Structure formats: C-alpha cells, structure tokens
Protein chains: 2
Amino acid sequence: MNKTGLLIVISGPSGTGKGTICKALVHRKDYFVSISATTRNPRVGEVDGESYYFLTKEDFIDRINKDDFLEHAEVYGNYYGTPKSKVLETIESGKDVILEIDIQGALKVKENYPNGVFIFILPPSMEELKNRITKRGTETEESLMTRFKCAYKEINYISKYNYAVVNDTVEEAVNKIESIVLAEKCRVDRIKTTTILDSKEGLIHEQLYD
Amino acid sequence: MNKTGLLIVISGPSGTGKGTICKALVHRKDYFVSISATTRNPRVGEVDGESYYFLTKEDFIDRINKDDFLEHAEVYGNYYGTPKSKVLETIESGKDVILEIDIQGALKVKENYPNGVFIFILPPSMEELKNRITKRGTETEESLMTRFKCAYKEINYISKYNYAVVNDTVEEAVNKIESIVLAEKCRVDRIKTTTILDSKEGLIHEQLYD
C-alpha cells in the first residue's frame with residue numbers, strides 16, 4: 001500500500017482561533033506540523049526549527065529561486081514562506097501535514113498544491129471576532145478597527161475553500177476537522193488509479209485496501 | 001437557519017453488508033430511513049410502511065406517471081421504487097435521510113438528486129465477499145458464481161460514487177460514514193448562497209451559523 005498523506009490547510013482571518021485549534025489537533029493525533037521559514041530576527045525564546053526556520057535573506061532568495069516554497073511573501077521588509085520539500089516528503093511518506101496559514105498564503109498554497117484540504121475557520125459570530133481581536137489589547141482603537149474590517153472582508157474568500165468550520169468551541173471544531181480528514185481519505189476521487197479492477201488478474205486494486 | 005438535510009445513499013454489491021451498516025447507523029443516530037415501494041405480495045411477517053409500501057400495480061404506475069419516484073425498476077414482473085416526495089420533504093425539514101440501495105438504483109437516484117452523498121460499501125476483500133455470498137447458502141453453485149461475478153463487475157461503478165468505505169468491521173465502517181456526514185455538512189459548496197457577506201447590511205449570511 002502506498003497511500004499518500006493529506007495536506008490539511010487550516011486558515012482564516014486573524015482572531016478566529018486557528019492557532020489554538022491546530023495545537024489541539026496535534027495534541028490529539030501525531031500530525032506533522034509545517035514550520036515556516038523567515039528572514040526576521042528571532043525574538044526572545046524562539047528556537048530555530050521550532051518557532052520558525054530562521055534564514056538569511058540570501059538563503060531565502062536562493063530557495064525562492066530553487067522553487068522550494070509552497071508560498072512566500074514579503075512583509076515589512078522580511079520574508080516569510082512555507083518550505084516545500086519537507087511538506088511534500090512527509091505527504092509522500094503517508095503522513096498527514098497540518099499547515100496553519102493566513103488567507104493570502106492559503107490561496108497561494110492552493111495554486112501550488114490544489115489537492116490539499118482547505119479549511120476555513122470562522123469565528124462564532126462577528127461580535128465575538130471583535131471581542132477576540134480587542135482582547136489582545138496591544139493595539140490602538142484605530143488599528144483594531146483596521147484589523148476587524150480586514151478580517152471582515154477576508155471572510156469573502158471562504159468560497160475558495162473546501163470546508164468551513166465555525167470555532168464555537170475548540171473541541172467541536174477539532175472533532176469536525178478530524179471528521180473532514182477521515183472523510184477525505186474515503187473520497188473516491190482521491191483513489192489514484194482509475195482502474196479499480198485489474199481486468200487481467202482479477203484483483204481489486206491494492207489502493208482500495210490498507 | 002434553514003439548513004436542508006442530506007440524502008445519504010449507502011450502496012454496493014450484494015454481500016458487502018450494507019444492510020447491517022444501515023441498521024447500525026440508525027441505531028446510533030435518529031436518521032430517517034427511506035422505505036421502498038413495491039407491487040410484489042407481502043411475505044409472512046412483512047408490514048406495510050415498515051418493510052415496504054405495498055402498492056397495487058395501478059397505484060405504482062400512477063405514481064411513476066406523477067414522477068413520484070427517485071428511481072424505479074421492474075424485476076421479474078414486479079415493480080420496486082424509491083418514493084420521492086417523502087424523501088424530499090424530510091430533507092427540506094433539515095433531517096438526514098438514509099437510502100440503502102443497489103448500484104443500478106443508486107445511479108438512477110444520482111441522476112435525479114446529484115446533491116446526495118453517494119457511499120460505496122466494499123467488502124474487506126473479494127475472498128471475503130465470496131464467503132459472505134456462499135454463507136447465505138440458499139443457492140446452487142452456479143447461481144452463487146453468477147452472483148459473485150456480478151458483484152465483482154459492479155465494483156467498477158465505484159467511480160460514480162463520492163466515497164468508498166471498506167466494511168472491515170461494522171463499527172469502523174459506521175464511524176467513517178458518520179465522519180463523511182459531518183464533513184459534508186462543513187463543505188463550502190453546500191452553503192447555498194454565493195454571497196457570504198451581505199454587502200449592504202454587513203452581516204455574515206445566516207447559513208454559515210446554526
């Protein structure tokens with residue numbers, strides 16, 4: 001049996017709790033979590049290869065040129081990206097990969113890997129999203145409103161995703177995501193070979209059975 | 001909120017255990033089970049409206065003419081069919097409907113209701129399928145081989161289905177089907193309205209939230 005793993009993309013506006021959901025997912029099951037690369041300096045307590053892969057600008061650009069990112073972006077002069085080879089190797093080995101990423105990043109990943117499972121995390125309500133963004137409390141009223149309006153607009157991108165999961169409670173959201181993963185593994189259009197039966201040998205193709 | 005229910009079609013070759021799976025599904029959760037109509041005579045112990053809806057040939061043909069079947073077929077001079085109105089009403093009311101049906105029937109249902117969730121039940125192996133068909137023990141060697149060959153050919157229709165579930169154990173198969181149902185309810189393409197945000201009112205469309 002040579003089943004490949006799934007790339008499970010957990011995405012949505014900031015403040016919807018996608019980080020908490022991913023932590024809970026990994027706590028329940030041994031998923032491989034994709035770690036981003038960045039050229040920004042490590043903050044206190046951040047460990048290379050855990051928080052991020054910290055790269056020099058030269059290294060990062062070199063890897064862009066080698067097409068080694070599923071997506072990358074420049075934000076305020078720093079580069080951020082999702083390393084490609086590690087993710088693809090893990091999927092090939094049959095293990096599922098979790099990728100937590102913002103909406104712009106997810107849409108780029110989808111261009112490069114349309115076979116992923118794209119899950120949009122929604123806040124319980126827009127009121128609750130406002131509360132969550134406000135509670136972080138590190139920003140001015142104006143920047144809060146900007147972030148809220150941005151999150152609000154971003155919800156329109158939901159149509160580009162396969163699934164929408166409302167984050168009412170983390171447990172329920174994680175249950176739904178686990179069901180989505182299990183269901184995706186049963187999808188007929190994920191079975192690689194079109195010939196289910198080998199007409200000569202009369203054997204059901206091994207892909208149907210673990 | 002006005003979410004419609006799902007039509008969950010459980011299908012596959014005879015001997016794969018789809019009947020047992022459906023019983024176990026309904027035992028776990030209060031699904032509405034679609035009951036077939038037939039013109040054949042009730043057998044001892046069969047109750048009208050439970051085993052089947054027993055109709056006269058005239059009534060049956062009248063309902064065919066009124067387009068009141070999701071599918072129907074004539075077998076050895078008797079009619080069999082899946083009544084349409086009851087299934088559609090139940091789905092409209094928001095409740096999920098289970099329909100256990102053979103492959104030819106499922107393909108006709110798909111023509112009339114492509115929005116259904118079509119699940120193909122596979123035997124643990126072709127050897128096991130042979131054992132299961134043989135164990136019923138009411139048939140000659142020749143008719144057993146005919147049934148086995150038929151089941152064998154029918155597996156090719158799996159490509160017309162959305163999901164494939166191997167019936168290794170009933171419990172595992174039922175878990176998978178429950179995950180499929182939960183995942184389907186999260187599918188973005190099941191959200192009716194393309195406008196997620198009402199641009200005038202600035203409200204997330206109610207369909208996203210229960």
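Using N, Cα and C of the backbone, Cβ positions are placed for all residues, glycine too.
Annotated domain 'Guanylate kinase-like' per TrEMBL: A:5-182, in sequence order.
Positions annotated as ATP binding site by TrEMBL: A:Gly12, A:Pro13, A:Ser14, A:Gly15, A:Thr16, A:Gly17, A:Lys18, A:Gly19. Same-chain residues at least 6 positions away in sequence with a Cβ under 8 Å from that of A:Gly17 (ATP binding site) are, in sequence order, A:Ile121, A:Pro123, A:Arg132, A:Asn167, A:Val170, A:Ala173.
Of all Cβ atoms in the protein chains displayed, 27 besides its own lie within 10 Å of the Cβ of A:Thr16 (ATP binding site). DSSP classifies A:Lys18 (ATP binding site) as helix under the three-state reduction.
Within 10 Å of the C-beta of A:Gly15 (ATP binding site) we count 20 further C-beta atoms, all protein chains included. The Cβ centroid of A:Gly12, A:Pro13, A:Ser14, A:Gly15, A:Thr16, A:Gly17, A:Lys18, A:Gly19 marks the ATP site; residues of that chain outside this set whose Cβ lies within 8 Å of it are A:Ile121, A:Pro123, A:Arg132, A:Ala151, A:Asn167, given in sequence order.
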